[in-house]
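Straight from TrEMBL, the features:
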- 1-13: compositional bias 'Polar residues' (COMPBIAS)
- 20-170: domain 'Alpha-D-phosphohexomutase alpha/beta/alpha' (DOMAIN)
- 210-325: domain 'Alpha-D-phosphohexomutase alpha/beta/alpha' (DOMAIN)
- 334-447: domain 'Alpha-D-phosphohexomutase alpha/beta/alpha' (DOMAIN)
- 1-27: region 'Disordered' (REGION)
Amino acid sequence: MGSSGSSYVSTVKTAPIDGQKPGTSGLRKKTKVWMGANYLENFIQATFDALVAEGVPVKGGTLAISGDGRFYNKEAIQVIIKMAAAAGVGRVWCGTEGLLSTPAMSAVIRSRARGLDGMSPFGGFILSASHNPGGIDEDFGIKYNCENGGPAPEKVTNLIFKNTTTITEYKLCKTLPDIELSVPGSYALGTADCPFKVEVFDNTEDHVMLLKQVFDFGAIKKLFARPDFTFIYDSMHGVQGPYARRVFVEEFGAPVEACINSIPKEDFGGHATPSHGHADPNLTHAVELVAAMGLNKLGLPIETAAEPPTFGAAADGDADRNMIMGKRFFCSPSDSLAVIVANATCIPYYSSGLKGCARSMPTSCALDLVAQKLGVPYFEVPTGWKFFGNLMDSGSAAYPSTPKYTPFICGEESFGTGGDHVREKDGMWAVLAWLQILAAKNADASKPLVGVADVCLEHWKEYGRNYYARYDYEGVEKQAAEQMMDAMVAAQPGLVGSTHGGMTISKADMFEYHDPVDGSVSKNQGVRFIFSDGSRFVFRLSGTGVQGATIRMYLEKYEAPSGNLQMHAFDVVKPIADIALSISKLCEFTGRKEPTVIT
């Protein structure tokens with residue numbers, strides 16, 4: 001740089017750009033939009049300005065910057081580093097290759113600076129659009145996480161958006177060289193009166209170190225040593241690949257070929273791959289894994305040339321989501337959450353028991369049954385990990401007057417599960433939780449292997465089964481979707497007590513959440529219809545896409561422990577789907593007769 005801090009800072013005139021309103025998942029747009037003149041710079045400057053206005057110690061502070069490796073990841077990182085220097089940030093941390101999974105970013109923010117005075121990050125930029133496809137013609141996104149490792153609260157994202165509507169200039173240090181991200185290294189780029197340093201570190205080390213504090217890696221390694229335990233893991237060419245090889249191969253001794261699609265790619269493999277570059281771990285998109293496990297996209301068993309592995313799992317593009325499978329068996333995310341909570345004490349971190357658990361409102365009520373039996377406080381929250389984050393921070397310095405709900409486990413039906421070790425959902429955590437459960441149930445190597453299906457059946461025999469499915473209608477015209485939702489809400493009072501297909505609606509409402517930690521109220525969080533037998537259907541509009549609206553329809557039917565527990569979920573909930581489609585008039589409003597995806 002030069003002799004004084006201000007002399008390196010270039011001020012560039014700009015003007016507001018429409019549509020830069022971040023949600024709980026950050027700001028997601030088409031990649032080419034982000035690559036447009038001043039688009040990236042405006043959003044980053046608006047964020048820095050919001051942080052300064054909120055009293056965040058940006059000047060001289062530490063900032064983490066990395067992403068999921070999608071197209072434009074590395075170029076955007078270099079721009080943000082230059083803007084961070086101009087904003088007065090003291091040091092920037094980046095994972096090698098510019099890669100950090102979303103849960104790893106949370107781990108870095110929360111734990112990397114332990115023992116290093118004054119180096120705790122004030123936050124981090126995650127460059128990701130999660131499970132959305134990557135590539136120059138696909139999607140890109142940026143999310144800011146705060147000092148607790150969790151997504152920025154609404155007051156911050158609202159201020160960021162406000163700033164984007166009034167911005168007139170942004171600042172960056174144009175003369176800073178691009179940083180070599182391929183290997184660990186330290187770069188001192190400032191001066192005595194304006195210090196600025198960039199540190200590049202192994203992208204797996206912090207997250208893996210933290211996971212070792214949660215799980216018994218030695219017990220899981222013994223499970224992998226069993227000749228009757230076979231394993232496959234699909235990183236879907238997302239950021240999870242390095243973590244998968246580090247944990248499953250180096251720690252547990254799995255063969256490297258068990259980690260499929262483990263090389264991160266800017267387009268997640270692109271349209272030529274079986275997943276078509278859609279790094280979303282579900283029955284529809286994780287094509288290779290699902291086939292290898294002996295199932296089709298509806299979760300029905302198929303014949304395979306080779307015997308399927310006993311355990312299979314997958315991650316999405318930024319590795320915060322997971323899918324759990326057994327041999328010719330799919331474990332729904334709702335069941336996975338309930339099973340993990342029911343067996344949590346076999347995980348060292350939770351050995352003394354849970355103090356709280358939670359699910360998103362659309363997630364099945366299977367968790368509730370477990371929590372009630374265990375006597376653990378449980379919560380039903382809106383979709384969005386920030387609501388779990390508040391519960392995880394209960395009883396802390398931020399909320400000293402509230403009960404403490406940690407140790408804590410939570411999850412969503414959208415393949416997200418996690419604990420209070422970080423403030424994001426964590427795909428690797430979920431897989432390790434299952435492996436820890438299987439290790440505990442297979443401690444005697446002389447007995448037949450207990451697999452995923454065995455664990456689930458045992459669980460259902462104790463708690464009953466919440467048959468569940470979700471229909472997604474993607475790319476719907478937004479106005480039509482909103483009109484459909486409004487019409488349902490208006491009709492709800494007159495539908496209570498009515499009978500449809502032999503089922504009586506006992507309750508119908510628009511879900512509203514009163515946060516027990518910060519006292520906030522979140523309205524309009526989903527339309528619910530609950531039947532007298534506890535079955536239900538729910539409609540929500542999702543905000544994770546970049547074009548149009550996605551209508552999600554959730555279907556649930558409870559079967560008692562004495563009932564038929566081994567039917568196919570999609571068949572069981574089909575009558576409820578017919579009722580939901582009739583009441584919602586989805587086809588009439590949107591013109592859609594079939595869902596895009598069923599999970």
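Cβ atoms here come from the backbone N, Cα and C positions, even for glycine.
TrEMBL does not curate its annotations; it predicts them automatically.
Model confidence over the domain 'Alpha-D-phosphohexomutase alpha/beta/alpha' (210-325) is summarised by a mean pLDDT of 97. In terms of DSSP secondary structure, the domain 'Alpha-D-phosphohexomutase alpha/beta/alpha' (334-447) contains 47 helix, 18 strand, 49 coil. Mapped onto DSSP helix, strand and coil, the domain 'Alpha-D-phosphohexomutase alpha/beta/alpha' (210-325) counts 35 helix, 18 strand, 63 coil.
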